[in-house]
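Colleague: Below is one structure. I have some questions about it.
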Amino acid sequence: MTSNSFPIFDGVSNKYDNNTFYGRYQNFRDITDPSTLFATENDLNKSKTLLDNFKKGLVDPIKNSDELWKAKKIVDSTIHPDTGKPIFLPFRVSAFLPINVIICAGLILPNASIGTTIFWQWINQSYNIALNHANRNASNTMSNKQILEAYASAVGISCSLAVGLGWGVNKLNIQNKTISSALRMMVPFTAVTSAGIANVLIMRGNEMINGIDIKDKDGIIHGKSKEAGKSAVYKVAFSRAATSFPALLLPPIVMGLFERTSFVKKYPKVKMPLNLAVIAAIFNTSLPAAIALFPQESTISANSLEPEFRNIKDKNGNIIKEFIYNKGL
C-alpha cells in the first residue's frame, strides 16, 4: 500500500475492488469527477507517456504509485476504451454532472408552459443522444441515418410523454395539493426515464442486432456476440433509469422542506441557487452509484452466448468458460 492507502499501481487492477459495488462506486467517482475536465492536452499526453513508460518497465510503481493513479484517472475519464481517442469534452461522463444540473433544473421548473416543457425535454434528449453515442461500445458502428432515427424517436417519446402526462394531471383537477404535487413530480421523471431507456435501446440497438466484441482474460477477441450486446444495452438502460430516479424525484422533496424555513421565506431569491446545489449534491452521489451497478468491463458465461462460443479454447488450450465485454457507459 502507498501512503494514502491505495494499492500499488500495477497497470491492470483498479484503484478499488471492482468486484464489489462500493469498489466500482469509488472507481466511477474518478471517471465522473468533473475536475478531470480541466486536464489540458499536455496533461493528457504526459499521463499517457507515464503509463506507456510504466508498461516498458521504466517507472517504479512503488515510488510513483500516486502519480500513476492520477495519470490513469485522467486517461480513463478522457479516452474511449475502444477507440483509444479522446471523447469530445461535453460528452465525457465527467461532464454529465455539471451539464445535467442545469438540465434537471429546467425539467423540474414549477408551472412550466408547454413550450418550456418541450424545450427542456428536447435539450435533455439531444444531450443524451450525444452522450450515448460518444460512450458507446465502438466495436459496432452506426450510420448517420440510424443516429437521426434514434434522435427523433427519443425526442418524440420524451416530449409526447411530458406534455401528455402534464395535460392528464391538469385534467384530473385533483383538489388535494399533496397528491397533485406528487403526480406533477412524476411527470418529468416518467418522461425522462422512459425516453432515456428508449434512447439507449434505439441508439445502441445495432449492438443487439450485430453483436459486440467479446474477449478472453488475455484480451484476445474471439468475435461478436449478439447476446453480449443485449446484456450490455440492458445494463446501461437500467443504469440510466437509476440515475434519473433520485435526480428528478428528490430535489422537489428536499426543496419543499427548505421552503418551509424562515431563511428561504425571508430571502426567496436563494431558491434557484439552492435548488441547483441540491441537484448537484444528489447527482454527485447518484451518477457514480447508478453506473457502478454493473462493471464497465462485464463478464458473461460462455453458456449464455451463442453456440459457436461455447467450446473456444484460450492460448493455453483451456476451454473458455467466461468472456469479457465492454458494456459502455
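Cβ coordinates come from backbone N, Cα and C, glycine included.
So TrEMBL has the following annotated:
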TRANSMEM  95-123  transmembrane segment
TRANSMEM  150-170  transmembrane segment
TRANSMEM  182-202  transmembrane segment
TRANSMEM  237-258  transmembrane segment
TRANSMEM  274-294  transmembrane segment
Colleague: Using a Cβ-Cβ cut-off of under 8 Å, list the residues of the same chain that are 6+ residues beyond the ends of the transmembrane segment (95-123) and lie near it.
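Modeller: Long-range Cβ neighbours of the transmembrane segment (95-123): 32, 34, 37, 89, 131, 155, 158-159, 162-163, 166, 185, 188, 191-192, 195, 247-248, 251-252, 272, 275-276, 279-280, 283-284, 287.
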Colleague: Counting only residues 6 or more past its boundaries, what in the same chain has a CB within less than 8 Å of a CB in the transmembrane segment (182-202)?
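Modeller: Tertiary neighbours of the transmembrane segment (182-202) are 107-108, 121, 124-125, 128-129, 132, 149-150, 153-155, 157-159, 161-162, 165-166, 169, 172, 174, 233, 236-237, 240-241, 244-245, 248-249, 252-253.
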